[in-house]
Every structure is written in structure tokens, then in C-alpha cells.
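Chemist: Below are the features listed in Swiss-Prot for this protein:
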type: ACT_SITE; residues: 151; note: active site, proton donor
type: BINDING; residues: 37, 121, 219; note: [4Fe-4S] cluster binding site
type: BINDING; residues: 66, 99, 149, 247, 248, 249, 292; note: isopentenyl diphosphate binding site
type: BINDING; residues: 66, 99, 149, 189, 247, 248, 249, 292; note: (2E)-4-hydroxy-3-methylbut-2-enyl diphosphate binding site
type: BINDING; residues: 66, 99, 149, 247, 248, 249, 292; note: dimethylallyl diphosphate binding site
């Protein structure tokens, strides 16, 4: 399933780098695609439609998506975010976040007679299904991801006796398997593609028969946003990534920007967090945003840069995204 069409990047290249542009000639390179992915759009709309249908309060386990603005906005509308199901009144409505949950969480919700709506991203659900399938076939599953991330906890919970977490290349040496002929790697959907491939290469050095997942686990949106940043970063004195610090894919965009040649890169939730000192001597600023970031926050950064003389905004388009996910079954009639 392809959701992206490669396009001409179309950056007007400077002679050497953004810093060599003529004095006073400032520009913004605006990464496209950026912001909401199909899974985040579905999750946020799920909560909004649930509010319309059932009224406040409704409960959401963890953050529906990892974005401060989204969570605060929904909280103001009557959504109550909780860490665990035992914080939800018996019989209440609980929405599971886009990151997915383990079978144990589903069982806990059922034990409290909670009405549930599952907003798990379908691409995360795909990884869950892969974990269950390979556990049934008695494989050792090496799950590449970040310890403590909700998505990793949910996926590992599908087959706890078969899954080992591999948190980056430096964790590879600690991995042990029962049968080197029955080992497969899966991954969190929001990782750096490059770092994940480094981890896989290290794993394959130890386990030559390591199998790849049936299809890419790192989601199309994560990959597309990283590709766009790589395209513009060599031209940038500064790359501003709009996103929250607990957003894995947003943090990865900062790392990708620096690795691809940007002289500096910072993560901000809001335009007001941009330090004017970052702009000293800067001629080219790149802007992108994580997959859980509403476009209004990006526009705020563009407006701020305009006040500092960055009037020329050039899109850097590397893909067009067209994928849309259906709402959860309980809410499909409510979609407009």
C-alpha cells in the first residue's frame, strides 16, 4: 500500500549553503509532508466524535497522541486523560490512544465494565498482528524501539514470552535467542529509519538468519517526514521542528536534520519557544513538524519568522500523502 508519490524537491540551491546567501536575503524552507498523519487524524477525530456522540466526560488512556496542544485542547472540551484503567469510573467510556495497548489493558477495561473505543493506529495494529503471528510460530521476536514508549509496551504485551526489546544498536550485544534459525525483527513505527537499519545490521551480524518483517513497520508518515527533512537540511542554517518532547517521531526529526547537514536544529511546541538568538546570522530556516502536530502551530512559527524578516517561504515537497483511515466502527456513521 503506497500513500505517497515522489515529487521534485525543487529547492533553489545557494552556492555553498544557506549562510552564503546575500545579506538580507532570508528564506524559509517548509517541508512537505509534515504534521498530521492518517493515524493521528483518525485518533483525534475519534475523540472529537466520541464527545459529540456521548458528551463529556470521556476518558482517554495515556495521551491520545503525543502533542501538548492537542491534549490541552481536548482537556478543555471535557476529555479526562488517565494513566491506567483503574482511574476510570466503572461503566464509563474509555478511548485507547493511537499508540495501542496490550491484551492485558483490554482485559482490565472489561473487568471494570468500561465501554471502550480503540483509536489505535491501523499501522500499529499491523505490528501487533505480526507479533502474535510469529509468537504462534514460536519465533524469538526482536522488537526495535524505545523502552517505556506506549507503543512498544502494547506490542510487547501481545507476546511477552517471545518479545525482546532492542533499544538501538548499543543494545544488540545483550540479545539472546533460543534458536538462531527462528528470529525476526519488528519495530516501533516512529523510529529513525537510518538508526533502525543500523540496529538491524548489527543484529544480522550476530544472527545471520534474522528475518525481516513481512512489510515495513516504520510507518509511511515517519519515513516521509524524515525524507523531506533530509532534502532541505543541507541548505539550512537552522531547522525548527514543531513537536512535543515526548513525541518519538518529532525528536527523530531533530536528529535527522542534524545528521543531514543542518547547522542547528531545535524542537518547540509553540512559536513562543523560539529563541530569537537562534536566528542570529541565519539566512535559511527549515521548518517541519511531527506527525501529531496540528498545522496551526506551524503557522505560528512561520508568522514569527516573518516578523524577523523571513518573508520568502519555499515549499520542499518530497511526497504527497493521500491515505485516510476509517474511524472505529462505533463512530463511522458520525464522520462527515
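Our numbering is plain: 1 for the first residue shown, then up by one each step along the chain.
Just so you know, glycine gets a Cβ as well, placed from its N, Cα and C.
Neighbours and distances for these, please.
Modeler: DSSP gives residue 151 (active site, proton donor) a helix state.
Reduced to three states, the DSSP call for residue 37 ([4Fe-4S] cluster binding site) is coil. Within the same chain, residues at least six positions away from residue 37 ([4Fe-4S] cluster binding site) with a Cβ under 8 Å of its Cβ are 219, 220, 221, 222, 291, 292, 321.
Under DSSP, residue 99 (isopentenyl diphosphate binding site) is assigned to coil, being neither helix nor strand in the three-state scheme. Using a 10 Å Cβ-Cβ cutoff, residue 99 (isopentenyl diphosphate binding site) registers 28 neighbours.
DSSP assigns residue 249 (isopentenyl diphosphate binding site) to a helical segment in the three-state reduction. A sphere of 10 angstroms centred on the C-beta of residue 249 (isopentenyl diphosphate binding site) encloses 28 other C-beta atoms.
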Chemist: Considering the binding-site residues 66, 149, which residue's Cβ sits among the greatest number of other Cβ atoms within 10 Å?
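Modeler: Counting every other Cβ within 10 Å of each candidate, the maximum falls on 66.
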Chemist: Given the recorded positions 121, 151, 189, find the one whose Cα is closest in space to the Cα of residue 249 (isopentenyl diphosphate binding site).
Modeler: 189
Chemist: If one measures from the C-alpha of residue 149 (isopentenyl diphosphate binding site) to the C-alpha of residue 189 ((2E)-4-hydroxy-3-methylbut-2-enyl diphosphate binding site), what distance in angstrom results, rounded to a whole number?
Modeler: 11
Chemist: Rounded to an integer, what is the Cα-Cα distance in Å between residue 189 ((2E)-4-hydroxy-3-methylbut-2-enyl diphosphate binding site) and residue 247 (isopentenyl diphosphate binding site)?
Modeler: 12
